[in-house]
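Asks: I have a structure I would like to understand better, so I am pasting it below and will then ask my questions one at a time.
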Amino acid sequence: MIALGCDHGGYGLMQDVIKHLEERGMEYKNYGCYSEESVDYPVYAKKVAHAVADGECERGILICGTGIGISITANKVPGIRAALCGDCFSAQATREHNDANILAMGARVTGPGLALKIVDTFLDTPFSNDERHIRRIKMIEE
Ligand code: RB5
């Protein structure tokens, strides 16, 4: 189950992501927002971060205008490793190296074609399980 969250800046791109997940037959929970009316991104970042941290959802996708506010907020929640990605290399590396559990993107930065490729890369890349990466991830929370 994928947890989804966005603010008004990310709403349009999130509709593309939702359509894409449906085409892929992937299950998701949409934590809002639900329109382009101005809202506060921390509300939605926290909902998705808690859904992932509590194990209700395996991974999350967060979108705001830049991806920055929403990722800063999500990373305040223990157990969350939110990665702001604007390219597929970073999306692959953050899954393999950081076992990132939330993908953050900026809808005013990254176009929809690339964004959907980033989503696929993030969802399809497993964690490497390398000892050195496990050790470093543990050190994040210490
Ligand atoms: C909203 O205007 C904008 O500030 C927000 O989407 C995001 O970019 C914040 O980091």
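Note: Cβ is positioned from N, Cα and C throughout, glycine not excepted.
The D-ribulose 5-phosphate binding site feature in TrEMBL is assigned to Asp7, His8, Gly65, Thr66, Gly67, Ile68, Gly69, Asn98, Arg108, Arg132, Arg136. The active site, proton acceptor annotation in TrEMBL covers Cys64. Among the features that TrEMBL reports, active site, proton donor is placed at His97.
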Asks: Rounded to the nearest Å, what's the C-alpha distance separating Gly65 (D-ribulose 5-phosphate binding site) and His97 (active site, proton donor)? Just drop the number here, would you?
Replies: 26
Asks: Using Cβ-Cβ distances, find the residues under 8 Å from His97 (active site, proton donor) that belong to the same chain and are at least 6 apart in sequence, listing them in sequence order.
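Replies: Long-range Cβ contacts: Ser128, His133, Arg136.
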Asks: Just checking: which of the recorded positions Cys64, His97, Arg136 have a C-beta under 6 Å from ligand 1?
Replies: Cys64
Asks: Rounded to the nearest angstrom, how far is the Cα of the residue listed as 'active site, proton acceptor' from the Cα of Arg108 (D-ribulose 5-phosphate binding site)?
Replies: 8
Asks: For Asp7 (D-ribulose 5-phosphate binding site), which residues in the same chain are close in space, meaning a Cβ under 8 Å from its Cβ, but six or more apart along the sequence?
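Replies: Spatial neighbours, sequence-distant, of Asp7 (D-ribulose 5-phosphate binding site): Cys33, Val39, Asp40, Tyr41, Tyr44, Ile63, Cys64, Gly65, Gly69, Ile70.
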Asks: How many other Cβ atoms sit within 10 Å of the Cβ of Gly65 (D-ribulose 5-phosphate binding site)?
Replies: 18
Asks: Mind computing the max CA-CA distance among Asp7, His8, Gly65, Thr66, Gly67, Ile68, Gly69, Asn98, Arg108, Arg132, Arg136, which the record assigns to D-ribulose 5-phosphate binding, rounded to whole Å?
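Replies: Looking at Asp7, His8, Gly65, Thr66, Gly67, Ile68, Gly69, Asn98, Arg108, Arg132, Arg136 as a set, their Cα atoms extend up to 39 Å apart.
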Asks: Radius 10 Å, atoms counted are CB only; among the binding-site residues Gly67, Gly69, which position scores highest?
Replies: Gly67
